[in-house]
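To start, the structure itself, in structure tokens.
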Amino acid sequence: MSNILAITGRPNVGKSTLFNRLVERKKAIMDNESGVTRDRHYGFGQWNGKYFTIIDTGGYVTGSDDIFEEAIRDQVKLALDEASVILFMVDCKDGLTDMDQDFANILRELKKPVFVVANKADNPDLIMMANEFYGLGLESDIHVIASTSGAGTGDLLDAVVEHFEDSDLENPEEGIPRISILGRPNAGKSSYLNALLGKDRSIVTDIAGTTRDAINTRYKLFGKDFILTDTAGIRKKSKVKEDIEFYSVLRAIQSLQDSDVCIVMIDAERGFEAQDMNIITLADKYKKGIMIMVNKWDLIEDKTTNTAENFRKDIQEKLGNPLSYIPIIFTSVTQKQRIFQAIELAIEVNTNRTRRITTSELNDAMLAEIEHYPPPALKGKHIKIKYVTQLPTRTPSFAFFCNLPQYIKEPYERFLTNKLRSHFDFRGVPIKIYFRQK
Ligand code: GDP
Ligand code: GDP
């Protein structure tokens, strides 16, 4: 599955305004790093129960006199190549411009669903202006919106998500965990895949080509079946050196959408970095199993008994409490240290992700906890949680039935989540709880 929505168009038409409206939390996923990564915007959205990643290509277009040269730079092209649906934004106030026309010509070549989005249609006169964009000659309806107020965006999304796959789509190789290995360039991902495979693999995929599906390899190890989604080697073929970082992020987004468990690989010498956090945040939102593999552990000198523990604490501090469920393993791919344990851990995480707890087990454990520490009364009203059940969702989620669900606040929700985790093994798995009226 790859549900990626790219928003593109010339500067100032309102791309980032729409982006901010569509992502779940404002700029939830942002790459703050200096150097090759600049103004990149990745976000997570959901609509009609479908999940998708949104890319604002705007960041690459600004800051140049020769804007159009800039606009079609490789990074924009890459983003558009990876996208499954493209929103091509134009501006009703400015009308159809030459640059819009140039953009349209490029988009036509891509042979992908392109939606022409006529923005800034703040009033009926401007709405009428939108007809002008039929002149672009794209085979698309014109979707008229106003990003600042949100008008029209609901209808637009209805149409967009039609093109997206169901996140809960049954997997053709049912039950076999799909594991992806993500992480910054040079962390050791390809070496790891090679180590597991026992031989060097060369992946011949032309970056300029159109299909770049992940290569899925099915394994049998310790009597367990799993599929490794191999994306690591592909970027090596990139002809565009400065795109490596960017491309690896796009790959990671695709790859994680397509897997059950993500192994986020970190270079021990570099430590835990902002981009690792971005990937983990995204994986958590997609409700994937997650584990961290601190690789190149052999390069850490003068290790004492506390070194790993301190390293682990440091990562956990950066992750913060809501992500403390993520297990961390220390490996050396070159020394073949714990490389199979890492896979075993990933399989265990997958098992936890599919864990089903019976309602009676849940109530036995949780009602006792609740009785011991009931939700605090609010505005003089007592909140009574009557029972809890696991929902039939693909990833663990639980409904707590109570008299006044709206009165339960975040700290108590966190308390219940922590208690669920202490009674049942959901290591490596995001869990979600809901409060419902009873
Ligand atoms: P980008 O360069 O394409 O990302 O454009 P921005 O999102 O930064 O928007 C450029 C300007 O257009 C900002 O001043 C926005 O507030 C404004 N803008 C965006 N959407 C609308 C809209 O629907 N109506 C109006 N009137 N202004 C808008
Ligand atoms: P990728 O970009 O994440 O696929 O990383 P590579 O697999 O290409 O590895 C980058 C470099 O790190 C290569 O020179 C590897 O030999 C080296 N490397 C990978 N794993 C380890 C490890 O566990 N220890 C050490 N010392 N080097 C490693």
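Cβ atoms here come from the backbone N, Cα and C positions, even for glycine.
Keep in mind it's a predicted model, so treat the numbers as computed, not measured.
Listed in TrEMBL for this protein:
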DOMAIN    3-168  domain 'EngA-type G'
BINDING   9-16, 56-60, 119-122  GTP 1 binding site
DOMAIN    177-354  domain 'EngA-type G'
BINDING   183-190, 230-234, 295-298  GTP 2 binding site
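What TrEMBL annotates, mapped onto the structure for a quick look.
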| residue | record | Cβ neighbours (10 Å) |
| --- | --- | --- |
| Gly9 | GTP 1 binding site | 26 |
| Asn12 | GTP 1 binding site | 15 |
| Lys15 | GTP 1 binding site | 25 |
| Thr57 | GTP 1 binding site | 25 |
| Ala121 | GTP 1 binding site | 25 |
| Gly183 | GTP 2 binding site | 25 |
| Asn186 | GTP 2 binding site | 15 |
| Lys189 | GTP 2 binding site | 25 |
| Trp297 | GTP 2 binding site | 21 |
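Among the binding-site residues Gly9, Asn12, Lys15, Thr57, Ala121, the residue whose Cα lies closest in space to that of Lys189 (GTP 2 binding site) is Thr57.
Among the binding-site residues Lys15, Thr57, Ala121, Asn186, the ones whose Cβ sits under 6 Å from an atom of ligand 2 are, in sequence order, Asn186. Note on proximity: of the binding-site residues Gly9, Thr57, Ala121, the one nearest Asn186 (GTP 2 binding site) is Thr57, by Cα distance.
Trp297 (GTP 2 binding site) carries a helical DSSP state (H, G or I).
Cα-Cα distance from Ala121 (GTP 1 binding site) to Trp297 (GTP 2 binding site): 56 Å (rounded to the nearest whole number). For ligand 1, the nearby binding-site residues are Lys15; that is, of Lys15, Thr57, Trp297, these have a C-beta under 6 Å from one of its atoms. Separating the Cα atoms of Thr57 (GTP 1 binding site) and Trp297 (GTP 2 binding site) is a whole-number distance of 37 Å.
DSSP gives Gly183 (GTP 2 binding site) a strand state. Note: the Cα of Trp297 (GTP 2 binding site) and the Cα of Gly9 (GTP 1 binding site) are spaced 45 Å from each other.
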